[in-house]
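What Swiss-Prot records for 19-57 is domain 'LRRNT'. Annotated domain 'LRRCT' per Swiss-Prot: 331-383, in sequence order. The N-linked glycosylation site annotation in Swiss-Prot covers ASN92, ASN178, ASN295, ASN388, ASN427, ASN434, ASN438 and is backed by sequence analysis. What Swiss-Prot lists as repeat 'LRR 1' is 58-79. Taken from Swiss-Prot, the feature repeat 'LRR 2' covers 82-103. Sequence annotations record features per position, and here Swiss-Prot assigns repeat 'LRR 3' to 106-128. Among the features that Swiss-Prot reports, repeat 'LRR 4' is placed at 131-154. What Swiss-Prot records for 155-177 is repeat 'LRR 5'. According to Swiss-Prot, the feature repeat 'LRR 6' maps to 178-199. Annotated repeat 'LRR 7' per Swiss-Prot: 202-223, in sequence order. Per Swiss-Prot, repeat 'LRR 8' is recorded for 226-247. Taken from Swiss-Prot, the feature repeat 'LRR 9' covers 250-271. Residues annotated as repeat 'LRR 10' in Swiss-Prot: 274-295. According to Swiss-Prot, the repeat 'LRR 11' annotation covers 298-319. Under the heading signal peptide, Swiss-Prot lists 1-18, citing sequence analysis as support.
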Amino acid sequence: MLILLLHAVVFSLPYTRATEACLRACPAACTCSHVERGCSVRCDRAGLQRVPQEFPCEAASIDLDRNGLRILGERAFGTLPSLRRLSLRHNNLSFITPGAFKGLPRLAELRLAHNGELRYLHVRTFAALGRLRRLDLAACRLFSVPERLLAELPALRELTAFDNLFRRVPGALRGLANLTHAHFERSRIEAVASGSLLGMRRLRSLSLQANRVRAVHAGAFGDCGALEDLLLNDNLLATLPAAAFRGLRRLRTLNLGGNALGSVARAWFSDLAELELLYLDRNSITFVEEGAFQNLSGLLALHLNGNRLTVLSWAAFQPGFFLGRLFLFRNPWRCDCQLEWLRDWMEGSGRVADVACASPGSVAGQDLSQVVFERSSDGLCVDPDELNFTTSSPGPSPEPVATTVSRFSSLLSKLLAPRAPVEEVANTTWELVNVSLNDSFRSHAVMVFCYKATFLFTSCVLLSLAQYVVVGLQRE
């Protein structure tokens, strides 16, 4: 028992000494704690305007996020042989002196994201960081970076640089033979040139989504044979060269959604035998070339939703057909005999749904799965609109049913048509009576009789007008 106790005391001494050393050199505005591989120093949200002058020698991780740091001088962190992670995100850095990170020989992760005033980096900014594996430069509003900025980072595996102002893929990427992941989202990149990714033979994931890419040059990804995920969605691509993706035989995900593509060419995907996810959604596609998907037998999902497709030919998938999911919703489908194969495949596989018909009129609004394709006497498929025409009995076209508004308008126009006013009719009648009776009846009694006759005649006219209105309503 005594031996075990002595053993525990002996082995706990290094841990106790390391903890004491960590706490002894901890900056006043920071908190320090001992971790497995050294000391963790947290100085985030401490209101710091400059980097503390001293850190624990055993520091393995330093967090200086969300302070007010503006400038990093040379050897800004002294000599910290055990430091592996340094985070300076969300500060106000505007300048980093060349050699600022000297004295950090084991640094593997450097985070400089969200320093919007940085804008520029000297070619020697990251000198002496030979073991750096992860570099985060996101949201620094960088316009450009020197061609050899990353040349002294042979171990770099992951580069995050989204939300910048590059306009083109930085030439600093060339020759980064060990880089595996690169993120350039929302960086206003306008084109992917043929030489911008030279030497990147281990690159597995490249994200260029939400940029302004209008052109991808032929062979642009020629040196990226290990690429598995390529994201080009939400750009301005209207077309692609035939050899745009040539050589990407390991590609598993290709996202071209949210562009301006009007058609899908057969040559685009000829080398992508390992492709599993293909996104062509939210384009303006109206035509898919025959055999466009013929080599994609390993697809798990094909997204064609949100386009302008009216028909999709079986020949687009020949000679084989994939067994994955097919997304076709939000297209103006014409559900005639050209889509009978798709209806049959929907019933048999259950891997596609929500194919709403926009035409012909007899099936508009229905789902393709509900459309019944009849057969002619020769056994040929009959389009729904043709079926509707040939089976209808000939006869005169029925008159359109009048609506309440049309009936009222018609009646009103008839009532308002020019007619002799009742007063004019009465006056005319009175004049006629006067002419005919003027010579023989001139007594007061005769005049009274004429007044009564006029009243009677006027009443008859009004009664006739009322009958005309009633008959008009009945006919309408």
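Using the three backbone atoms N, Cα and C, a Cβ is placed for every residue, glycine included.
Sequence features, as recorded in Swiss-Prot, placed on the structure.
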residue : record                      : Cβ neighbours (10 Å)
ASN92   : N-linked glycosylation site : 14
ASN178  : N-linked glycosylation site : 14
ASN295  : N-linked glycosylation site : 18
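Across the repeat 'LRR 4' (131-154), the model assigns an average pLDDT of 96. Same-chain residues lying 6 or more positions outside the repeat 'LRR 7' (202-223) and placing a CB less than 8 Å from one of its CB atoms are 162, 169, 177-194, 196, 229-238, 240-248, 255. Rounded to the nearest whole angstrom, the C-alpha distance between ASN295 (N-linked glycosylation site) and ASN92 (N-linked glycosylation site) is 51. If you look at the repeat 'LRR 1' (58-79), the same-chain residues 6 or more away from its ends with a CB under 8 A from one of its CBs are 18, 21-22, 35, 37-51, 85-104, 111, 117.
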